[in-house]
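Taken from Swiss-Prot as is:
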BINDING   Ser9, Ala10, Met11, Asn12, Ala13, Gly14, Lys15, Ser16, Asp87, Glu88, Cys89, Gln90  ATP binding site
ACT_SITE  Glu88  active site, proton acceptor
BINDING   Cys145, Cys147, Cys182, His185  Zn(2+) binding site
Amino acid sequence: MAQMYFYYSAMNAGKSTTLLQSAFNYQERGMNPLIFTAAIDDRFGVGKVSSRIGLEAEAHLFHADTDLLHVIATLHEAEPRHCILMDECQFLSKEQVYQLTEVVDKLDIPVLCYGLRTDFLGELFEGSKYLLSWADKLIELKTICHCGRKANMVIRTDEHGNAISEGDQVAIGGNDKYVSVCRQHYKEALGR
């Protein structure tokens, strides 16, 4: 029986690398994975999942209004799929997370979701909130703070490297804008 998995972490913990390894494992066994990523995240090019260590794969895009159940069912009917791999899942809507539960429950296809748990203010993203609520399995991927402790928070920085404590929830960026830190250093950076 298929299940939905949510692999979550702060930035730079290897979520995309883990997704790409999963895709390779399925392909190595002659199976056909289907990869999606958020259209909003074009840091490494449109329609690609890329990792910091240089791995990449082509991916279908999801937008805020994409009906994932319909798209996946249509692609699965044309060519059977053995798993769905979703990158940047923090950008999913509540409805899209529900659609992914339908892929698992009605199409019996495993769905592996990868994304950030919280934003730079320590607040849950909508997609992450519902994945934490509805996924069958939750797997935390770990990275480390500069002090050596587990990093579970993300700081957004300005062009001078100073921590920012206000702004839009979504601002696409990588190491140029975000730093993963432990809770203690998060609070210190924001003066809390």
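Every residue, even glycine, has its Cβ placed from backbone N, Cα and C.
Where Swiss-Prot records a feature, it is marked here on the structure.
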residue: Ser9; record: ATP binding site; Cβ contacts under 8 Å, 6 or more apart: Lys15, Leu116, Arg117, Glu140, Leu141, Lys142, Thr143, Asn152
residue: Ala13; record: ATP binding site; Cβ contacts under 8 Å, 6 or more apart: Leu141, Lys142, Thr143, Ala151, Ser180
residue: Asp87; record: ATP binding site; Cβ contacts under 8 Å, 6 or more apart: Lys15, Ser16, Leu19, Ile35, Phe36, Thr37, Ala38, Val49, Ala59, Tyr114, Gly115
residue: Glu88; record: active site, proton acceptor; Cβ contacts under 8 Å, 6 or more apart: Thr37, Ala38, Ile40, Asp41, Tyr114, Gly115
residue: Cys89; record: ATP binding site; Cβ contacts under 8 Å, 6 or more apart: Phe6, Val97, Cys113, Tyr114, Gly115, Gly127, Ser128, Leu131
residue: Cys145; record: Zn(2+) binding site; Cβ contacts under 8 Å, 6 or more apart: Ala151, Ser180, Val181, Cys182, His185
residue: Cys147; record: Zn(2+) binding site; Cβ contacts under 8 Å, 6 or more apart: Cys182, Gln184, His185
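Ranking the binding-site residues Lys15, His185 by how many Cβ atoms sit within 10 Å of each one's Cβ puts Lys15 at the top. Taken residue by residue with DSSP, Cys182 (Zn(2+) binding site) is part of neither helix nor strand, so it is coil. Classification of Ser9 (ATP binding site) by DSSP places it within a strand. Listed in chain order, the extra residues whose Cβ falls within 8 Å of the Cβ center of the Zn(2+) site residues Cys145, Cys147, Cys182, His185 are Ile144, His146, Gly148, Arg149, Ala151, Val181, Arg183, Gln184, Tyr186. Among Ser9, Ala10, Met11, Asn12, Ala13, Gly14, Lys15, Ser16, Asp87, Glu88, Cys89, Gln90, the residues given in the record as binding ATP, the maximal Cα to Cα distance rounds to 15 Å. All chains included, 19 other C-beta atoms sit within 10 angstroms of the C-beta of Cys182 (Zn(2+) binding site).
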